[in-house]
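K.L.:
Pulled the feature table from TrEMBL, pasting it below:
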- 496-545: domain 'Cationic amino acid transporter C-terminal' (DOMAIN)
- 52-73: transmembrane segment (TRANSMEM)
- 79-101: transmembrane segment (TRANSMEM)
- 113-134: transmembrane segment (TRANSMEM)
- 176-199: transmembrane segment (TRANSMEM)
- 211-231: transmembrane segment (TRANSMEM)
- 243-261: transmembrane segment (TRANSMEM)
- 282-304: transmembrane segment (TRANSMEM)
- 324-349: transmembrane segment (TRANSMEM)
- 378-397: transmembrane segment (TRANSMEM)
- 443-461: transmembrane segment (TRANSMEM)
- 498-517: transmembrane segment (TRANSMEM)
- 523-541: transmembrane segment (TRANSMEM)
Amino acid sequence: MVSPSSPSSFMSSLCSAALRKKTLNVGPSDNHPSRAPQDEGGLVRRLGVYELILIGVGASIGAGIFVITGTVAHDAGPGVTVSFTLAGLACVLNALCYAELSSRFPAVVGGAYLYTYSAFNELTAFLVFTQLMLDYHIGAASIARSLASYFVSMLELIPALKGNFPSWIGHGGKEFFGGVISINLLAPVLLVILTVILCRGVGESSVLNSFMTATKIIIVLFVIFVGAFEVDVSNWSPFAPNGVKAIITGATVVFFAYVGFDAVANSAEEAKRPQRDLPIGILASLLICAILYIAVCLVITGMVPYNLLGEDAPLAEAFTAKGLHYVSILISVGAVAGLTTTLLVGLYVQSRLYLGLGRDGLLPSIFAKVHPKRHTPIHSQVWVGIVAGILAGLFNVHELSHILSVGSLTGYSVVSACVISLRWKDKASSHLSASWLSTRGEGLICLIVVACCGFFSGLSYRFGASFIFIIVALLLAIAAVAALHFRQVYADPPGFSCPGVPFLPAASIFFNIFLFAQLHEEAWVRFVVLSIITTGVYIMYGQYHADPVGSNYSVAYHRAPTEEI
């Protein structure tokens with residue numbers, strides 16, 4: 001006999017727990033959007049399609065449109081417009097995958113974590129959560145510091161206040177111990193204000209997000225309109241001064257300017273008509289962002305020669321160079337509005353992810369508590385605000401930017417794989433397609449091959465290896481996708497359907513991992529170290545407390561309201 005405490009028994013128990021999948025308890029039909037779960041202490045359904053679109057736009061358009069455009073234009077020239085177009089097309093692949101899964105799981109918070117838990121297993125879902133969460137925490141702190149700096153700059157437009165703000169208030173920070181500690185007081189204050197608004201309720205935070213997002217969109221449209229009359233088409237020649245490679249490299253940089261549409265998927269439990277509105281919100285917000293980005297790029301590269309564009313504030317400097325100082329002031333206001341909405345939505349998304357893990361037992365149950373009157377996960381929201389406040393108040397988190405985006409790229413890749421996995425028919429069948437390999441196992445291997453080929457192609461491109469290596473990797477990926485197509489049987493999902501399965505999701509995986517290979521080496525180290533730590537936490541805590549059925553919080557798993565066609 002094997003004792004319960006023996007290593008073999010422990011490993012067996014660990015593997016059994018790690019490979020568990022999430023099953024959703026579907027409660028009685030909730031045909032009216034105002035009914036439970038909110039009546040029973042859950043989140044409240046107050047977000048319509050308009051609010052969901054603004055959440056997606058608010059999460060995406062921030063520093064990207066006011067800063068990244070000039071940085072990339074220095075290398076890609078006017079071809080930066082093509083860079084944004086290519087990145088937008090790549091993001092469409094991710095958005096289509098998110099749209100299908102948000103329609104398949106329309107009534108539950110969790111986003112990428114939930115999809116992974118349902119399609120693959122518990123441990124993988126926990127790994128996806130921690131990678132995403134580190135991105136969100138560092139990103140929120142970094143945005144808070146940028147917002148503090150822009151806010152002070154806007155106040156200094158008043159002559160009496162100019163030059164009267166010390167560095168520890170908003171501009172950067174007061175450094176100690178050789179820069180290890182960097183004190184900034186305004187950033188945590190701004191985080192406290194936004195956290196309080198989010199704790200008061202989704203209605204209040206949605207009103208603020210809608211107002212601020214509408215403000216920045218109006219300002220950006222005004223900037224595009226005024227700037228169009230200052231365009232000199234001769235500035236668009238040469239269109240690609242450093243060749244096609246600079247444009248493609250630019251696309252890998254500006255790809256992250258579109259990140260944010262996944263925030264819509266995390267609003268599932270608060271959407272009035274989630275199965276219909278979530279796909280619309282995801283795709284419409286991405287389309288709006290792409291149009292605005294491309295239009296701004298055309299305007300600023302037409303107003304000023306690309307090599308004369310500033311890198312810190314290219315929009316404002318372009319209009320200042322034309323003598324349009326009042327537009328520069330509007331741009332500063334737009335930057336404050338843009339960063340505010342990006343930060344607000346980021347804090348909102350983080351709290352909903354913590355809420356999902358608290359319900360499932362992978363985190364302490366305090367994260368699962370929802371205020372009975374406010375209908376907000378106050379404990380999760382306050383925790384998120386505290387973490388971001390400490391990072392923003394004590395550290396120069398901008399220096400950690402090179403290890404960001406790991407969570408987004410890996411999360412998007414897994415979501416794309418979830419679309420394929422959840423479409424497989426008879427995936428639990430014991431039928432063997434080979435003497436030792438199940439049909440599902442064969443499919444998983446094909447997905448891993450696509451990801452590995454994407455990474456190898458990315459490394460080859462990054463280090464200037466022979467183009468033949470990229471071709472070979474691409475051919476292997478195509479062979480794996482062909483196997484996915486011919487060796488697997490796919491079922492049609494309920495609600496919105498991503499077209500071209502398995503081809504489009506596989507292309508999404510390939511490109512995401514291609515971009516992953518472009519990240520700084522320290523980002524790869526961060527991915528490995530955080531994965532090891534996460535696995536350790538799961539072994540010590542998660543495997544014993546997780547409840548994939550969610551029986552303790554069944555309120556979360558009521559069926560979404562019936563759609564009215």
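Placed from the backbone N, Cα and C atoms, the Cβ positions cover glycine too.
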K.L.:
If we call contact 3 or more Cβ pairs under 8 Å (sequence gap 6 or more), are the transmembrane segment (243-261) and the transmembrane segment (282-304) touching?
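P.N.:
Judged by the Cβ rule, the two regions touch, with the required three close pairs present.
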K.L.:
Taking contact to mean 3 or more CB pairs closer than 8 A (sequence separation of 6 or more), are the transmembrane segment (324-349) and the transmembrane segment (498-517) in contact?
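P.N.:
The answer is no, given that the two segments have fewer than 3 Cβ pairs within the 8 Å cut-off.
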K.L.:
Within the same chain, where does the transmembrane segment (79-101) have neighbours whose Cβ lies under 8 angstroms from its own Cβ atoms, ignoring anything closer than 6 residues to its ends? I mean 6 or more beyond.
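P.N.:
Residues 69, 72-73, 115, 239-241, 246-248, 250-255, 257-259, 261-262, 264-265, 278-279, 282-283, 286, 289-290, 293-294, 297-298, 301, 306, 412, 415-416, 418-419, 422, 493, 495-499, 504-505, 507-508, 511-512.
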K.L.:
Please report, as numbers and ranges, the same-chain residues at least 6 past the borders of the transmembrane segment (113-134) whose CB is under 8 Å from any CB of it.
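P.N.:
Those are 17-24, 101, 105, 350, 353, 356-357, 360, 362, 406-408, 410-411, 414-415, 417-418, 421-422, 526-527, 530-531, 533-535, 538, 542-543, 546, 548, in sequence order.
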K.L.:
As a quick check of your reading of DSSP, tell me how many residues in the domain 'Cationic amino acid transporter C-terminal' (496-545) are helical, how many are strand and how many are coil.
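P.N.:
Counting residues by DSSP class gives 39 helix, 0 strand, 11 coil.
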K.L.:
Might you confirm whether the transmembrane segment (52-73) is in contact with the transmembrane segment (282-304), defined here as three or more C-beta pairs under 8 A between residues 6 or more apart in sequence?
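P.N.:
In this chain the transmembrane segment (282-304) contacts the transmembrane segment (52-73) - 3 or more Cβ pairs sit under 8 Å.
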K.L.:
Where, among 52-73, 443-461, 523-541, do we find the most CB pairs under 8 A to the transmembrane segment (211-231)?
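P.N.:
Out of the listed stretches, 52-73 contacts the transmembrane segment (211-231) most.
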